[in-house]
Amino acid sequence: MLALLVAQNIAFYIIAALMVVGALRVVTCKNLMHAALWLVLVLAGAAAQYILLASEFVAITQVLVYLGAIIVLFLFGIMLTRAKTGTDDDLDNKKSAKFIGGGIAVLLLGLMGYSLIDGFKDTEFGNLMVQRTSQVSDSIFSTYLLPFEVLSILLLAALIGAIVLARRD
Amino acid sequence: MTLLLASFAPPYWLSTLIKVLVISAVVPTTALILGMVFLFKIMSWMQSRLGPQEAGPRGTLQLLADGVKFLQKEDIAPNGADLWVFKVAPLVVLMSTLLLYVALPASMHLVVADLDVGVFFVLAIASLSVIGVLMAGWSSANKYSLMGALRAAGQLIAYELPMVLAVIGVVIQAGTMSLNGIVLAQNNGSIFGWGGIGFPYILTQFLGFFIFIAAVQAELTQPPFDMPVAESEIVSGYQVEYTGFRFLIFFLAEFATAFAFAAIAAVLFLGGWAVPWLPTASDWYYVLGPMVLFAKVMIVSFIIFWVRFTYPRFREDQLQSLAWKVLIPLALVNIVVTAVLKVVL
């Protein structure tokens, strides 16, 4: 291991531990609001990991989209709808659902672990280069132009669909 | 003095320590200055009152006295409150304010982190305070605070968009998202070949400036956009159950955020810390930069607070339709026109 990356490794493990604790609390919490707030910790941790990987654009997008918009939408939704805002003992899933969820989690772990190990083998990152935002935008608007446009249209369709579903008249 | 500052190159840990100390001193100071100058003095001048007179010379220390009073008060939480969330909420709001100051450049080198995407960072961080507001409103176990929090969330989401869109015009024109880069682009520009005052983007992005200031006003939940804290109907909204130093933190965060946003507006539209007739590489900016930026911040703050003291409160539907039907379309038109002119010229 390169001496340069020691500090980053330590930071990675601290943040990762916080994220795991947060993620466990999200699913075990009896209070819907608390679960949403623990999710903030997990998503902020993900943003911090992106910064450790020297991709600031992705990190800031994570903050803007997930923390600034999606979490706020969650909290907003919980407060506006008639969901119980206090502690709720029925919040847990049935036993059968738990087993299915656990199975899927193990499957995902195996799949992603295998693809990561297989994909990178013994590659060391060496000196991390800061990923400039201009590089990101250049690649989006040249190499990945078609997927980008297709995604945009997909999102637009979802947006219009949401409006159509929500409108009463 | 300036040479001494320029040749000062501390090790990493020391520079980090200095940055943390400077930020934690600057944030309360800016809140005090804005509160003192505008909330007390200018407001009473506009309303033909005298304002505070007793504490300090001409009442200038009144806010300090108020701060000490808040610190002495008991830290009370309501009976049904969710204690943990209730106590953390003001700190979340304060944290988002502190992070805003990270990217603000006071000169070429007087900046905590000269980010490549400074503008984007600032806009992302500014959206975090909503979480704190929602936490405060929900955990207080009070109808009024819950309603205040809901109004705040709706308003902050709605005005986030025009704010981001208004900034895009400047980013297109400068060709960079770095705050220092935008300052340099304005300082190096010239108006039809005349470089006397550089090229402050307020000249071409006046619409963007107007939208940005309106959105800032709404993000700060200040009148005329103060539905979330409307004293006369929901008795201060999400802050209603807070007292003592936790209320002080909310107050501090609001005014420090106002200062930070005014500084961002000064950087984006008024040329930031630079003076056109002094080269940006000059060592003088170690001293001059913060002073120039402060002067511009005071001008922008004056506009923000002038509006605050002058206009009556918007109704909720007026507030939402202003954002969605006026500001956002205007900002989109501004982007299109700027982009076309950027390519053509």
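Cβ coordinates are placed from backbone N, Cα and C, and glycine is handled just like the others.
What TrEMBL records for this protein:
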- B:12-40: transmembrane segment (TRANSMEM)
- B:91-112: transmembrane segment (TRANSMEM)
- B:118-138: transmembrane segment (TRANSMEM)
- B:159-185: transmembrane segment (TRANSMEM)
- B:191-216: transmembrane segment (TRANSMEM)
- B:247-272: transmembrane segment (TRANSMEM)
- B:284-310: transmembrane segment (TRANSMEM)
- B:322-344: transmembrane segment (TRANSMEM)
Should the transmembrane segment (B:284-310) and the transmembrane segment (B:159-185) be scored as in contact, given a threshold of at least 3 Cβ pairs under 8 Å and pairs 6 or more apart? no
So if I exclude everything within five residues of the ends of the transmembrane segment (B:322-344), which remaining residues of that chain have a CB under 8 angstroms from its CBs? That is, six or more out. 158-159, 161-162, 165-166, 168-169, 172-173, 204-205, 207-208, 211, 214-215, 218, 314
Surrounding residues of the transmembrane segment (B:247-272) on its own chain - C-beta under 8 Å, 6+ positions past either end: 27-28, 30-35, 39, 67, 70-71, 90-91, 93-94, 96-97, 100-101, 104-105, 119, 122, 126, 129, 136, 167, 170, 179, 182-183, 186-187, 198, 200-202, 205, 208-209, 212-213, 216, 219-222, 239, 292-293, 296-301, 304
Residues from the same chain, set at least six apart from the ends of the transmembrane segment (B:118-138), whose C-beta lies under 8 A from its own: 82, 85-86, 88-93, 95-97, 99-100, 102-105, 145-150, 152-153, 156-157, 160, 163-164, 167, 170-171, 177-180, 182, 219, 228, 237-239, 242, 250, 253, 257, 261, 264, 268
